[in-house]
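**Q** To start, I am sharing the structure in question, which I have written as structure tokens.
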Amino acid sequence: MKTLVLLSSILGDRSKSKALADHFLARMCEHEPASDITVRDLAAQPVPYFDAETAGALFTPADARSDAQRAIVALSDALIAELQAAERVVFAVPTYNFNLPAQLKSYLDYVARAGITFRYTPEGVPEGLLQGKQVYVLIARGGKALGTPQDSMTPYLKQMLGFLGMQDVTVIAAEGMAMGEFAAAEGLAQAKARIDELLPQLA
């Protein structure tokens with residue numbers, strides 16, 4: 001299965017969310033040796049912030065775009081094509097100040113394109129166009145908030161992904177990463193165990 005992995009931690013190999021993604025991929029390859037995997041590190045190669053110049057480029061007719069605007073649209077097109085091609089998408093997401101990293105938000109802004117990844121019906125109802133994908137959101141969090149009012153990140157991600165048509169979303173969280181060595185090890189082990197439970201069901 002064609003799998004796209006999106007890393008977003010600034011900590012590189014010290015990242016707990018990356019550790020979850022690495023574990024996921026290792027187990028996935030055991031069950032699917034012929035997996036076609038693409039990894040995009042949004043921290044190592046960040047997507048520019050979605051600013052006025054970006055919006056202007058996307059809303060300017062193709063034949064009227066400047067070279068700079070064409071480059072912006074080309075990046076958005078490439079990110080979208082990569083996402084469209086994937087049958088499975090794995091988001092490795094650290095929690096920064098109760099929310100997702102800015103680099104992941106920028107990515108989502110670049111792939112949310114009216115008429116390409118979502119559209120509105122004649123009745124004004126939004127319809128996501130990135131349908132039929134398995135999505136796994138692997139979260140690392142310093143404290144413990146999953147399923148509580150303190151967790152605003154998970155509902156946002158589910159809403160945003162659902163808006164784009166990705167409704168089959170499984171969330172796995174390693175919590176307590178900043179609550180001491182024992183709590184961190186326990187939280188990571190529990191998340192990895194949950195991945196191990198799910199992997200045989202992926203196909």
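Every residue gets a Cβ built from N, Cα and C, even glycine.
This is the feature table in Swiss-Prot:
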BINDING   S9, S15, K16, S17  FMN binding site
**Q** Hey, which of the binding-site residues S9, S15, S17 is the loneliest by Cβ count within 10 Å?
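**A** Relative to the other binding-site residues in S9, S15, S17, S15 has the fewest Cβ atoms within 10 Å.
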**Q** So how many other Cβ atoms are close to K16 (FMN binding site), meaning within 10 Å of its Cβ?
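**A** Step by step: centre on the Cβ of K16 (FMN binding site), count other Cβ atoms within 10 Å, giving 24.
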**Q** Around the FMN site recorded as S9, S15, K16, S17, what other same-chain residues have a C-beta within 8 angstroms of the site's C-beta center?
**A** L7, L11, R14, K18, A19, L20, A21, A92, P94, A140
